[in-house]
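The transmembrane segment annotation in Swiss-Prot covers 15-37, 345-362, 366-388, 395-417, 437-459, 472-494, 535-557, 867-889, 909-931, 968-990, 1000-1022 and is backed by sequence analysis.
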């Protein structure tokens, strides 16, 4: 420092202005921490907001939906339903499969939930069927969450069973070991097995029955401990040829002796190598394949995980035979990378536009350099805090930083503009920096804390929406806080060191022209401002009308939940008649796939038929359609889906439901459409009455399309009605009848072959190729007590009935779920109201309850909290401003700017054809924080002028408006241009970003036009009100008390 008397002023910035080295190193530390944090942050599409979800799957081949419900699902549900922290339990019981999906509270750690699930399964194990071939298996993955990577393994030369075996032993295990992989599942299950197909006539001719053969196979194939021999000097382990491992071994197996001659298994059956389940299949572009689905661990870095898998793929492919081909079908990180890249570009564009605006207003290249350093520094420093908070680089955090570009530059602009004003008045840069920074310090603190206060309610939002925007709010708040620190430290220090005195600044023609332009703008504003101040009630009336208009527009605008994204992936469900066979369903699926592949926007299609954890019934097929990249197709996904559905509509007997896959997954089940509504009753009989009635009513509603229900009660059932008296007289038990039927038609798993690498099942069934349909029952024979073979038909009749294909439970009670999409000209709010009206119109009994599910339930919760959220933001800001200004009145003046922003935002959304969704609401809340800064800058200077210069309120606010016009215009333009790239975005994930940009731009334009006039008018009106109250209180205090009045 130079010798001499110290220059006064500087406020909180003084120390940093006078110590440039310390300030520079402090900023370098922030920069370094931010860079390190950025390199360590994971990358994802959205913040980690998934509900802890666990799926319990139990397979019991051959069991009917009724048996699965009563014998498997119900015992498990009774135990699982007792767990603490359980939010919802839903189940599907279909032919041979029970799937229970458990959704826990967001606050419950998944590991804790896993332990409770395992304990509940153990508790229920004694109640499950003894011949259950597989124990219940649970997985810590949401079944509705799409895989991050899908691979298809195909071959023209090898059977699918061999491919499945190779995939299980060579590929799936290796991929499972990659860090970040949560679960690897195989679709199209063709696990190798030995299939024993009994010839019913040959079995009967030998006087045998299927149960005798099953017992013989079981006894012939064992793999158990045999002990060891211990001698004086050595020990010998015992082994034997107790296992039969090849098809030939089973063909030659002696199952009985007749007339002294052996009866071998090949004499009464066909034994072949085949698939464990012949009613499962997956196809990639109509080529049968084993599809590998890779799902992530919660919180894993999706891009890093996928990259690690891709790096090991060449090695995995080289380990396969040349006739086997493995390719990537879908890679979700492709769209995640593209989306994040687009947002990063928009962030850089926002920074460039903001810097351009600063130069345009300051007309000084060196002065422009200061915020050009301050803005990136504030944003980069935020990454360090994001890392310590466990956040990720995702669309929302990058959107927060993009919006923050306009926010963080505000502080720098306010400081630079105020210091520049003193330099233009002839002060030296050091003196100007100390005076300007000291004068503006309180304003910066007011702007910062009032803006952060707006974000506080977002942190207290409950449920999944609150979790989703917590990262957004904290990232934005941290960026704003770091910006305030930079603006009070680095910015004034750089102004003092690099700005030149006014006498040394030479402006070029452009800078001179822009200076004259702004002077003319200020002069024009002064004229209109005087008119507004001279006609206060007209201006005040305009301000009040914006409040009424905001309320009216809020009631009018269509409301939605979350923008539908175009991620290039379409999830489809193909529904066929309930009695369709597996073979017929495969043919239909292939026909649909061939038709869809002809569409120019489709890149590949993966299809699946069969019953597993995600597909409950045989008449439902699953499709996943991968579209070409956005830049290689002409249409967006919302236009492609109707086109594909229209093509398939020409195929008779099937219905195709399609929906775009989303980054945000709230549902716990794979559904036909985007939205669900559930009926819950005490019995299936009640549902059978009211489900068709409600379905018919819903189809009358114009707001709804693609309406369907998972209620399927028209499946064909062959009901075996046994005459128990005759059966008892012949010595045939019901257990023997069930076993005979199961052996014949259940693909019964009767034994296991153990090898060093895997385990393979022995499947028993009847060969029914020559006796299709109900005629197959004619060949069922049972052994009576006298040794005679008894045909099933002599003790039972076969009746054909209709029954449920699947039985669904919600919270252990029977339920039916309706799926629907929203019509093109309707909003989600209108669709929800239409569903609710339809349910009320049919007058269902009180014991039938209704409930929206998944996305629709989250929408209702978010919609109900919208007004409370906005009110909380306003109240939080009022409290902070009241504390800062020590006034009840001035915060009201500042908050009077808010309705103008609301009108602008809602009008912009309506003009752009967008719904008021969660993203748009966040935009409105951010506007609340932005637009009040105009009033803060005006009122701060007006109060200072009244206090320090002795000006009247009129003169003070008039002078403040003119002095602050340039920084107000600069900060508004900076915030507007920061949001402009979001509003104009067209790349991957643009649907998510655009509503936020539209709200910000519309609200800023409207508020900028009106608040420049309404704020000073309201300031004066409140000042007159305060003056009137003071005078009245003074007159009351001067009036003598009655007790002291002298008597007349």
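Glycine is treated like the rest: Cβ placed from N, Cα and C.
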* Asked: Can you find at least 3 Cβ pairs under 8 Å between the transmembrane segment (395-417) and the transmembrane segment (867-889), where each pair is 6 or more residues apart in sequence?
  -> no
* **Per Cβ pairs under 8 Å, the stretch of 437-459, 472-494, 909-931 packing most closely against the transmembrane segment (366-388)** => 472-494
* Who are the chain neighbours of the transmembrane segment (437-459) in space, where the CB to CB distance is under 8 Å and they lie at least 6 residues beyond its ends? -> 9-14, 17, 407, 410-411, 414-415, 418-419, 466, 469-470, 472-474, 476-477, 480-481, 483-484, 487-488, 492, 495, 869, 872-873, 876-877, 879-881, 884-885, 894, 922, 925-926, 928-930, 932-933, 936-937, 940, 944
* To do: Return the stretch with the most CB pairs under 8 A relative to the transmembrane segment (867-889), choosing among 15-37, 535-557, 909-931, 968-990.
  => 909-931
* Find the member of 15-37, 345-362, 472-494, 968-990, 1000-1022 that has more C-beta pairs under 8 Å to the transmembrane segment (909-931) than any other listed stretch. => 1000-1022
* To do: Count, for each of 15-37, 345-362, 535-557, 1000-1022, the Cβ pairs lying under 8 Å from the transmembrane segment (472-494), and report the range with the highest count.
  => 15-37
* For the transmembrane segment (1000-1022), distant same-chain residues with Cβ under 8 A (at least six beyond the ends) -> 403, 406, 525, 528-529, 532-533, 536, 539-540, 542-543, 546, 889-890, 892-894, 896-897, 900-909, 911, 923-924, 926-927, 930-931, 934-935, 938-939, 942, 953-954, 957-958, 960-961, 965, 968-969, 972, 975-976, 978-980, 982-983
* Asked: For the transmembrane segment (968-990) and the transmembrane segment (345-362), does the number of C-beta pairs under 8 Å, pairs 6 or more apart in sequence, reach 3 or more?
  -> yes
